[in-house]
Amino acid sequence: MSCLSHIATHHQQPTHKLTAFFLKCVGLTWSGAPLLVATRNIIGSGIFISPKGVLEHAGSVGLSLIVWVCGGGICALGSLCYAELGVTIPKSGGDYSYVTEIFGGLVGFLLLWSAVLIMYPTTLAVIALTFSNYVLQPAFQNCLPPFIATRLLATICVLFLTWVNCSSVRWATRIQDIFTVGKLLALVLIIVVGLVQIFKGHYDALVPSVAFEFSQDPSFGQIALAFLQASFAYSGWNFLNYVTEEVVEPRKNLPLAIYISIPLVTLVYTMTNIAYFTSMTPEELLTSNAVAVTFGEKLLGMFSWVMPISVALSTFGGINGYLFTSSRLCFSGAREGHLPYLLAMIHVKNCTPIPALLVCCIATVLILCIGETHNLINYVSFINYLSYGVTIAGLLYLRKKRPNLARPIKVNLLVPITYLIFWALLLFCSLYSEPVVCGLGMVIMLTGVPVYFVGVHWKEKPKWIYILLERVTYLGQKLCYVVFPQEDSSETEPLTAKAID
């Protein structure tokens, strides 16, 4: 049997069986604990990266704290919309699956294209650069770590974790569990020390008359960029929808996870920023290359080494987690025929998605070589918000086109409308303030249009193209020792997912 025939046979398996098999292989089998996963996915390395950018664009301590609180509120609105979509269209894959189902292949492909080329690799690059900065900063206390050194260490970290994820599911999941401790340790330590400082009376920067002293005239454009910086820390609130098919009692557990996890994360992030301002002036925070390290040096004395180690552990685990999730999205795209089937294949013995991991690793290393952390955050956050808005607009479109569709969860229309109003203002102001950075993301997304029509929509390709694809796929299978996942080859049925008219 030829390689393409082999792939096609496996590709005809029931979608839910493929999903369940893949999740079992990569260690994501659901056990009915969405609250824990939602909270762990949101609370990530971004809180050690974004405070500087939020303060820089907000222009004052008071407004930056308002941005953090409102950012959590916006995430809550978006999460409620995603909860409705998750139980109305019970397919794993999140934004990509919903948009493909509602608007059709082209729009879904553009979201997938931007995620594979922009969202995941750029997020990985930012977290990897943060890891290298926190590791190297103690050795360069009076200056910034060398550019080459930070990039080299970040690249080594990404390559190592890609190798781990390719080699063993067990190793990858254990790294995720163990290194989560570093993230929680750092945040708990910062908040507790900050509260002690407040009780001692060290809160001058938080007094309203001082907190709202602006270093620059506030503008809608700068406030929008502050929200983009904060949204990077909150990213992950939609990850629960990537495995909706495996959530136990989604009608009950999805809203519960949202109602508890989003306010909890918002509280943690706000308290962390308040703690920063009990030890640093706004000027000191803006000049710091590693905010948590500066915080530790000022307040922890001989134990200041705990902070860079904790943050390094957190960011290390964050890179591992994003590598984990990126392979899940590639699987969803490949099963819909929007990506090469090779990206949905897993190692014969280890059940690891090696081709998908290698693609994400290569894209991340390329971005590491050309990007700067602050601009990368604006770049990826703009594209993230763009995809969120398109997805939630799909909810309204679905309400109009399919009013009688079963909706176990149905949010008030004011929720998606409020989100979309904020979304439109944010994107417009961000594009106006940072036309190059934000516009570049849109251009890269739109390059997916010709790719879609040539690679996906064009069905009657010349025979030599199919032969070439077959040989490339066969070569990839031999190099990576991968096959398409299969539970029971005797159970086959065609995929029937179509766009809603």
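Glycine residues also receive a Cβ, built from the backbone N, Cα and C atoms like all the rest.
So that you can see what the record holds, here are the features copied from TrEMBL:
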type     : residues : note
TRANSMEM : 21-43    : transmembrane segment
TRANSMEM : 63-83    : transmembrane segment
TRANSMEM : 103-128  : transmembrane segment
TRANSMEM : 148-166  : transmembrane segment
TRANSMEM : 178-199  : transmembrane segment
TRANSMEM : 219-244  : transmembrane segment
TRANSMEM : 256-279  : transmembrane segment
TRANSMEM : 299-325  : transmembrane segment
TRANSMEM : 354-373  : transmembrane segment
TRANSMEM : 379-399  : transmembrane segment
TRANSMEM : 411-433  : transmembrane segment
TRANSMEM : 439-458  : transmembrane segment
Per the Cβ filter (under 8 Å) with a sequence gap of at least 6 from its ends, the transmembrane segment (178-199) is approached by 40, 43-45, 47-48, 206, 268, 271-272, 274-276, 278-279, 292, 295, 299-300, 306-307, 309-314, 316-318, 320
Test the contact criterion for the transmembrane segment (63-83) and the transmembrane segment (256-279): 3 or more CB pairs under 8 Å, pairs 6 or more apart in sequence, then answer yes or no.
yes
Between the transmembrane segment (148-166) and the stretches 103-128, 256-279, 354-373, 439-458, the largest tally of CB pairs under 8 Å belongs to 354-373
Given 103-128, 256-279, 354-373, 379-399, the one sharing the most C-beta pairs under 8 Å with the transmembrane segment (439-458) is 103-128
Residues outside the transmembrane segment (103-128) whose C-beta sits under 8 Å from one of its C-beta atoms, at least 6 past its ends, are 44-45, 49, 95-97, 154-155, 157-158, 232, 235, 315, 318-319, 322-323, 325-326, 329-330, 333, 336, 338-339, 359-360, 363-364, 366-368, 371, 373, 376-377, 379-380, 383-384, 386-387, 390-391, 394, 397, 441, 444-449, 451-452, 456-457, 499
Spatial neighbours of the transmembrane segment (256-279) not adjacent in sequence (6+ beyond its ends, CB under 8 Å) are 34-35, 37-39, 42-43, 47, 51, 54, 61, 64-65, 68-69, 71-73, 75-76, 79-80, 83, 187, 190-191, 193-195, 197-198, 202-203, 205-206, 233-234, 237, 240, 285, 291, 295, 298-299
